[in-house]
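Lifted from Swiss-Prot, the feature list:
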- 1-20: signal peptide (SIGNAL)
- Cys21-Cys26: disulfide bond (DISULFID)
- Gly29: glycine amide (MOD_RES)
- Cys42-Cys86: disulfide bond (DISULFID)
- Cys45-Cys59: disulfide bond (DISULFID)
- Cys53-Cys76: disulfide bond (DISULFID)
- Cys60-Cys66: disulfide bond (DISULFID)
- Cys93-Cys106: disulfide bond (DISULFID)
- Cys100-Cys118: disulfide bond (DISULFID)
- Cys107-Cys112: disulfide bond (DISULFID)
Amino acid sequence: MFGTSVSALCLLFLLSVCTACYISNCPIGGKRSALAFPSRKCMSCGPGDRGRCFGPNICCGEGMGCYVGSPEAAGCVEENYLPSPCEVGGRVCGSEEGRCAAPGICCDVEGCSIDQSCTEEDEAEYISQSVSSSHGHDLLMKLLNMISHTPPHRVHK
């Protein structure tokens, strides 16, 4: 009889530990409070705060393109420490929950890629002015490839 009650008590203890929030992933107010937070815009970033954070080291905006792993995007790390989720806006693009970040560029939390679905008629004019001919497209592809292979800049204290 005593063994059964101890087993039941241990089972209840393990169950409570398994369903508990941990310090790193528990929102303020408990697990169910995450749905109570209203969505908000992601933090501003980049030159003149004209961009929005798309990930911990990605800052993109209309007319400025995207900064990945650069000092302009360094402030985006703070987004990880805020208790409520944010939305960057823009159309859904890419295969992994990406959003249109700038004309012709789709970004998610991990990185950015060229995506033609992010190009509208008025945005196509912006691209043709800033990047001319297929040579410009090749240059943009090389830059995106370089950015994805270079480690982010680190600030050492």
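Every residue gets a Cβ built from N, Cα and C, even glycine.
Distribution of Swiss-Prot features across the structure.
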residue: Cys42; record: disulfide bond; DSSP class: coil
residue: Cys53; record: disulfide bond; DSSP class: strand
residue: Cys60; record: disulfide bond; DSSP class: strand
residue: Cys66; record: disulfide bond; DSSP class: strand
residue: Cys76; record: disulfide bond; DSSP class: helix
residue: Cys86; record: disulfide bond; DSSP class: strand
residue: Cys100; record: disulfide bond; DSSP class: strand
residue: Cys106; record: disulfide bond; DSSP class: strand
residue: Cys118; record: disulfide bond; DSSP class: helix
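The disulfide-bonded residues near Cys66 (disulfide bond), taking a 10 angstroms Cα-Cα threshold over the set Cys42, Cys76, Cys86, Cys93, Cys100, Cys118, amount to none. Cα separation, Cys60 (disulfide bond) to Cys86 (disulfide bond), rounded: 15 Å. Counting other CB atoms no more than 10 Å from each candidate's CB, the disulfide-bonded residues Cys59, Cys76, Cys100, Cys112 peak at Cys59. For the pair Cys93 (disulfide bond) and Cys53 (disulfide bond), the C-alpha distance works out to 16 angstrom.
Summarising the environment of Cys107 (disulfide bond), the number of other Cβ atoms within 10 Å of its Cβ, over all protein chains shown, is 27.
Around Cys86 (disulfide bond), the same-chain residues at least 6 positions away in sequence with a Cβ under 8 Å from its Cβ are Ser39, Arg40, Lys41, Cys42, Met43, Cys53, Glu79.
Nearest to Cys112 (disulfide bond) in space, judged by Cα atoms and limited to the disulfide-bonded residues Cys45, Cys100, Cys106, is Cys106.
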